[in-house]
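One structure below.
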Amino acid sequence: MERTLDRVGVFAATHAAVAACDPLQARALVLQLPGLNRNKDVPGIVGLLREFLPVRGLPCGWGFVEAAAAMRDIGFFLGSLKRHGHEPAEVVPGLEPVLLDLARATNLPPRETLLHVTVWNPTAADAQRSYTGLPDEAHLLESVRISMAALEAAIALTVELFDVSLRSPEFAQRCDELEAYLQKMVESIVYAYRFISPQVFYDELRPFYEPIRVGGQSYLGPGAVEMPLFVLEHVLWGSQSDDQTYREFKETYLPYVLPAYRAVYARFSGEPALIDRALDEARAVGTRDEHVRAGLTALERVFKVLLRFRAPHLKLAERAYEVGQSGPEIGSGGYAPSMLGELLTLTYAARSRVRAALDES
């Protein structure tokens, strides 16, 4: 457990560093944004953004942390302007070059992403940036914070686990650790069920997550689908999937995750996934081997916890879009909730492969 906490703590510390940074001294200004959004005051939104927009270029001493924090504070204005029917780059003089500079400095898209609005966003009431100021929005941000660092730790562990022999007792031990990390995903979806109204999400929050255009390209708005769970599953079971829709889904969100996870994705693309390697070893050795059975049993538990997240996530998304009387039928990520159903089906299929191997003995 101590190792688990240490691993998660490393990722949480990185989040905290960005969240604590206010390189544009914009905190007090950004906190005025929800009121302007309630009043649909587009000139006020533009004027407020121009008060701190670094139109003369980024300071030479800035690193990743400063650039990410600056994009966070500017980013809330981007979604706000688009919510009121305006392309931000068209109505804010000097905005587009700043966004492109920040994108280069962070190797991320030239707009706010899920990372910017959640784990890189302060949690204190007098500092947390927001589009609306609604309690449901605060709960939405918290639902992501609950699990993001644990998910990042889980990705690192999954990559390490790929090189651990199924015959080693360490394989089952690492799977148990992975299961514990992924349990935080289940906790996050339970939290969302309890505290976020589907009606409020659809009517009040969803309109702020529309795509915008920067530099001649369209960039998706922040959404929970940008969580790098798809990178973990790529390594775990999906790297050789021949499902075209699934591949397109993954590739849609690659630009929105950290460069390190794009590298992990590329490393495993077209190569055997962890499940493939483990099942090949089980076939070669036989599943009557004590450590092989223990490893496969622990691996199946990993899939069980993934399914305990995937199934309610699908139901939650369906609830949110069922309440909408008009408006978009797809999420901010560009996919309908039915895509979550396809992911659930694929996850069940992967789990079935492990169960079949256990049943052979």
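Here the Cβ of each residue, glycine as well, is placed from N, Cα and C on the backbone.
Values in this document were obtained by computation on a predicted structure and should not be read as measured data.
DSSP assigns Pro222 (substrate binding site) to coil in the three-state reduction, outside any helix or strand. What Swiss-Prot lists as substrate binding site is Pro222, Gly223, Ala224, Val225, Tyr321, Ser332.
Just so you know, the Cβ of His313 (heme binding site) picks up 23 other Cβ atoms within 10 Å once every protein chain is counted. Swiss-Prot lists His313 with the feature heme binding site.
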Report, in whole Å, the straight Cα-to-Cα distance of Pro222 (substrate binding site) from His313 (heme binding site). 17
CB neighbours within 10 A of Gly223 (substrate binding site), counting all protein chains shown, number 19
Looking at Cβ-Cβ distances, which residues of the chain lie under 8 angstroms from Ala224 (substrate binding site) while being 6 or more apart from it? Leu114, Ser143, Val144
